[in-house]
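In what follows, a structure is listed as structure tokens, so that the remarks can point back to it.
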Number of protein chains: 2
Amino acid sequence: MITHPDFPAEPWDVRESGLDLGVLAQSESVFALSNGHIGLRGNLDEGEPHALPGTYLNSVFEFRPLPYAEAGYGYPDSGQTVINVTNGKLIRLLVEDEPFDVRYGELVAHERVLSLRDGVLRRTAQWISPSGHGVHVSTTRLVSFTQRATAAIEYEVRPVDGPLHLVLQSELVANEQLPAMSDDPRAAAVLEAPLVPEQHSAHDAHAHLVHSTRQSGRRVGAAMDHLVDCPADVQTFIECTENTARFTLITRLAAGQSLRLVKFLAYGWSSQRSIPGISAQVEAALALARASGWEGLLAEQRAYLDDYWARADVDLEGDQEVQQAVRFALFQVLQASARAERRPIPAKGLTGPGYDGHAFWDTESFVLPVLTYTTPHAAADALRWRHLTLRAARKRARQLTLGGAAFPWRTINGDECSGYWPAGTAAFHINADIADAAIRLADATGDDRFERETGLALLVETARLWTSLGFHHPEGSFRIDGVTGPDEYSALADNNVYTNLMAQRNLRGAVAAARRHPDAAAAMGVDDEEIAAWRRAADEMFVPYDEKLEVHPQAEEFTDHEVWDFAHTRADQYPLLLHFPYFQLYRKQVVKQADLVMALYKCGDAFTADEKARDFAYYEPLTVRDSSLSACVQAVLAAEVGHLDLGYDYLGEAARMDLDDLEHNTGDGLHIASLAGAWIALVAGFGGMRDSGGSLAFAPRLPEPLTRLTFSVMWRGRRLCVNVTGAEATYSLAGGDPLELTHHGRAFALAVGEPVTHPIPSIKIGSRPSQPPGRAPARRWPSPSDSGA
Amino acid sequence: MITHPDFPAEPWDVRESGLDLGVLAQSESVFALSNGHIGLRGNLDEGEPHALPGTYLNSVFEFRPLPYAEAGYGYPDSGQTVINVTNGKLIRLLVEDEPFDVRYGELVAHERVLSLRDGVLRRTAQWISPSGHGVHVSTTRLVSFTQRATAAIEYEVRPVDGPLHLVLQSELVANEQLPAMSDDPRAAAVLEAPLVPEQHSAHDAHAHLVHSTRQSGRRVGAAMDHLVDCPADVQTFIECTENTARFTLITRLAAGQSLRLVKFLAYGWSSQRSIPGISAQVEAALALARASGWEGLLAEQRAYLDDYWARADVDLEGDQEVQQAVRFALFQVLQASARAERRPIPAKGLTGPGYDGHAFWDTESFVLPVLTYTTPHAAADALRWRHLTLRAARKRARQLTLGGAAFPWRTINGDECSGYWPAGTAAFHINADIADAAIRLADATGDDRFERETGLALLVETARLWTSLGFHHPEGSFRIDGVTGPDEYSALADNNVYTNLMAQRNLRGAVAAARRHPDAAAAMGVDDEEIAAWRRAADEMFVPYDEKLEVHPQAEEFTDHEVWDFAHTRADQYPLLLHFPYFQLYRKQVVKQADLVMALYKCGDAFTADEKARDFAYYEPLTVRDSSLSACVQAVLAAEVGHLDLGYDYLGEAARMDLDDLEHNTGDGLHIASLAGAWIALVAGFGGMRDSGGSLAFAPRLPEPLTRLTFSVMWRGRRLCVNVTGAEATYSLAGGDPLELTHHGRAFALAVGEPVTHPIPSIKIGSRPSQPPGRAPARRWPSPSDSGA
């Protein structure tokens, strides 16, 4: 059994009160700091022990060949892997000749606290060296949200008794030695020594290194400067070689004295700028950080987060674990995206090398729904990144003999990196997911300029993809054959319901956007005939239905397939893809992750309430949740059809994915989409928020243990607050013009200063659907582990 | 445009009257000699120039890693590649200091003739060296059918004028340098220096080399000995290093004198025997060859072939090109299989490294039908090879969580080597193809012992595979979902008609064989319950039918898919798989090779005559024949439904595949299955022979240009001869008990010495079906290139 750190359920902190080296990888991911541009894994300051050292810059990657046993036309030749850049987190300590290393001597106390309000990682340790000398170490680390290129560390050490000789070494290290990765195909490939030295320089307490990647042409600069604060004499010197810069401090402290070091770090990269250009860039960032000072950086960080929490916080009563988890989740969503600025939001954010650092449909389908209503500028930036990659997507579409743009299944720079096309290229729904995110963002912000400059092109090019991908069957329907839906345990099926409905939404969104921006659309070559073709394809879109079973098949034929032999599948055979061939998975009724159920959520208007209930009940016993992208969607649908307790269990799974390491791979990086799913489960699930129709609808209803749920959403510049209890929901508006909303299907108007309260209607609940044996979500309530009920 | 040698249409020879270095690769394949154990490509005696030097021993391969961009459970880790073993064909000539090299000096004349009756390759050349010295060279090469380990070469050289100094070097060369291969994924991977030297020895005119492969543990011995015949003084010496043995002759010939060298070659390999064991083995073979002498080897070869042609020859009037081609085809089928003896029959035989030297379903589906009726012991040996690989096939089935045995899609040693599972592992029909070959062979030979010892286990284990692969749908049918049929432009479809019908035949065959051999079946754990389960699966086998179009879909949904845009597909975009992604091919109506039409042939009893006509007409415009395995099957069905001219065109394509290099890849090796298809097109097509029901039925009908067709089939030890003209067919029996046959649906009895003649009924022919634009087979008649009409 894999253990995980026990983080006590505190509302605003994630606290680890001991140090379990067996779960170091997970804690490095959980305690990672990032602003979406720089990512620092939660490695110990002294570098070792580590599970996986990690310092990442968004979009700094290296190419690697993609090999094929049997190659085929259109297979990508090269992949991309996020690389570990110059490590600036390192501060090593020598206590009377003995390196501070928690594996030796005695670690009397060790605590790490991630403060979700302050946006810093604090660490305190008390250690007795093998020769018996005790020190207190306390450090604080931040990656600045306000100064994109900047990170900083405050490091304080004092003797328990005194006097003690102490040496500190603060370093920049490029091309760190990395441990070998696991055999799990999902774990990232490792590239050794990816950085070619180009420049190194040091003086006083200051140093910088410039490197470039070999193939991808990324030039990376890293710089550090230091402030020293010590009552005793301190000798310092600095040294620098191609791959290592080291600032050394030597002092002798009496009892009660302490040495405090503030380390400012700056990072920059470019595929265009020169060595002097990059050097100057990181020096400028460093100058700004020094000018702000440590306290200034802390204050800016807190102010940035105060502002965020005012918009984004989800406050609830009745479950402290979920409370903590959803705030942790919202913090990580922010860390992954805040300053990504027209760069991708990878599936793991910048918390680890999992999935090679690639971005998937996770971004648009899970992360952007949260950002759209809490941090819309970050959602817009993520879509602007997609817009920047349109050229690559158009080229890929041509290669696939398709029209418009075919966005990659997985990528860093916009080129397809999937080496297994049935679960990559064939998953064309990603194009509709991107279009959908653009539609929802435009609806939520009313940002006409964004739609004209960014959304329209995304919609037009993806609409063109769909009309070339599907065809009008002689009998009248528009069919999309041979594609792969969200469920990765099926592939290459005809008329996947999720794909077809999302394509329909995509086509209609393109029609509407082209009508709203006729000049811009005309400049893209859109004419009335093309718009009519989009409309016709949307109107005739085929949605298969199994008349006998009275459910929607995930795709044609699905419900005729044999049901997976769950009874003879052992618990240790999950995830199934590591123990069974795709061949068997694809041809049977077994669902890795919400697919048809995802359609019930994202395209809910296409289904009646009865259909939703029947469909949900049909797919529950088939869905094994071998993907972290499933539980939150199941939570939403469970809540909608009235299985509130089941939805509550799924909420718990989505929210605690990484804090409880439920998939045993948090060490590779956090599951950013599942974390976003915690918000989705609460707001779309128990808040019942839907936004498909261009306006907001709510149908809140709480599971019994949650006695209150309060959340805000940003809608066209206004903050709408929703406060739900078991009996009623109160809506209030923080500013702007009145708003038309819906509560459980009934429209109402909401004006500033005039909160509206509606009762929550009761719902008739059928029997709780079952899941495959052993695959039910952990029961949260009633449950002995329930800390909040 | 790729050219090809022009082989004049001679009935028993394949003659090349010049040497076009641009098509050397093709001629090396066409002039390859083999007995199924040893294969020598038709390289020039002097080694260079060459397109691809090749010396192969059946089942001498090396492992190579199969890389995956994204690996998955059950993917094979290692592949197998046939290797070029020690080259013993080399005889180099020096004419007054100048190497005989056709690229230099002047090649006055050059002719090569493959004699299909003698089983030898003869070459004559007249060459003038750059310094003006002329020589006549004439050589004869054979790979012995009667002495499995033996090849031999007679080399004769004489000055045009004289006197001349001549040096001959006869060599064994291991680890020859090979040219880089093409990027075409179908071309074989090359392994450099695959042989590790273990022993070398030389004395007098005699030498041998022993090597082993690095990973696969194949120990290979090659030995040579020589006879020299010359009126002038000849100095000889021999030298030997690890990788090269060289026998050198030096002489000075006057005009009219000639030097004649006979080189005896012996090969042996083993994965078990020691170095002395292998040495002794090749020495013994060499001793036997020497004892037979050159003339003896020639005589044995001719006698062996006389016997073969007496059984196997197809004699026809009206088309000399087809006459030549079918004899060339039958010769090559014999070369690929005669002495394979419980080793595979690779797709390319031993004529080249294409497809890595792997065996596919080609063996059972195309080659064995010919061998079954001409050389049944070779067919039995090929199935015994499958039987020997049952352990690996059972293991593979377990890995795929299936019952019984899952034979590999491509292999040399029995382990799956396919690195692309949708077109490999998923093509489960290969198991039914193997079973079908066993059933037909048992029917044709009545060999009870073969069935009990070999056929039964193949049938039982494949029947077990099918019952675990399919399932009984709640509505009553037995479905086999998510498999790939013969057509490689579709994959992972439900209820492929060919697969389901062949599985049905497999299951019924297993029932019958288990009933015939109850003790042997019981020893395999077969009980009444299992037999009942096979019968039930067969009886309930689902065969989809499109009621609206009144045709059988190749697999469910197929006829609902979009038809490939043939109108916008350029001629240079064929074969489609090199210019379009699988993604597009799989989801559209486009057929690489006969699939449903293959079912019409192999399982003809499952279709009415009208259905066959409609189905054939439906699939013709969709079938692009990007596989060499298609034309012969289309020929058979075209003939059956009455499109005799079309069938005649397809016959031409199948028969001339390699002589005319129709797929531009004959250089990698011959298309043994397509060559076998020439026989199939003639015997099953225009002879109308069917053997599904355990007895023989004929429905002969000739296209107008063929005025007579005569062929024989071996049936339970008797030779049945069928002579067809435009108006009637005459059946005669060469021995044994009387036989019940069918002529155009009417049963009749045939006894020895009492030939029976039946008239050929007329048939109503609909309009000739069309093929995709540009993909119609070349018209043979009426046509200017038609040499026979």
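Residue 1 is the first one shown; counting continues down the chain.
Just so you know, glycine gets a Cβ as well, placed from its N, Cα and C.
TrEMBL does not curate its annotations; it predicts them automatically.
Listed features, source TrEMBL:
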type: DOMAIN; residues: B:16-270; note: domain 'Glycoside hydrolase family 65 N-terminal'
type: DOMAIN; residues: B:327-679; note: domain 'Glycoside hydrolase family 65 central catalytic'
type: BINDING; residues: B:Trp361, B:Asp362, B:Lys592, B:Gln593; note: substrate binding site
type: ACT_SITE; residues: B:Glu488; note: active site, proton donor
type: DOMAIN; residues: B:689-750; note: domain 'Glycoside hydrolase family 65 C-terminal'
type: REGION; residues: B:760-789; note: region 'Disordered'
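Mapped onto this structure are the features recorded in TrEMBL.
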residue: B:Trp361; record: substrate binding site; Cβ within 10 Å: 22
residue: B:Asp362; record: substrate binding site; Cβ within 10 Å: 26
residue: B:Glu488; record: active site, proton donor; Cβ within 10 Å: 21
residue: B:Lys592; record: substrate binding site; Cβ within 10 Å: 22
residue: B:Gln593; record: substrate binding site; Cβ within 10 Å: 22
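Summed and averaged per residue, pLDDT over the domain 'Glycoside hydrolase family 65 N-terminal' (B:16-270) gives 94.
Between the alpha carbons (Cα) of B:Gln593 (substrate binding site) and the residue listed as 'active site, proton donor' lies a span of roughly 7 Å. The substrate site, placed at the center of the C-beta atoms of B:Trp361, B:Asp362, B:Lys592, B:Gln593, has further neighbours from the same chain whose C-beta lies within 8 angstroms: B:Phe360, B:Ser365, B:Pro486, B:Glu488, B:Ser627, B:Leu629, B:Ser630, B:Ala673. Counting in whole angstrom, B:Lys592 (substrate binding site) lies 6 from B:Glu488 (active site, proton donor) by their C-alpha atoms.
Taking DSSP states H, G and I as helix and E and B as strand, the domain 'Glycoside hydrolase family 65 C-terminal' (B:689-750) has 0 helix, 36 strand, 26 coil. Max Cα-Cα distance over the annotated substrate binders (B:Trp361, B:Asp362, B:Lys592, B:Gln593) is 16 Å.
Taking CA atoms as the reference points, B:Trp361 (substrate binding site) and B:Glu488 (active site, proton donor) are 13 Å apart. A distance of 14 Å separates the Cα atom of B:Asp362 (substrate binding site) from that of the residue listed as 'active site, proton donor'. Taken residue by residue with DSSP, B:Asp362 (substrate binding site) is part of a helix. Classification of B:Gln593 (substrate binding site) by DSSP places it in coil, neither helical nor stranded.
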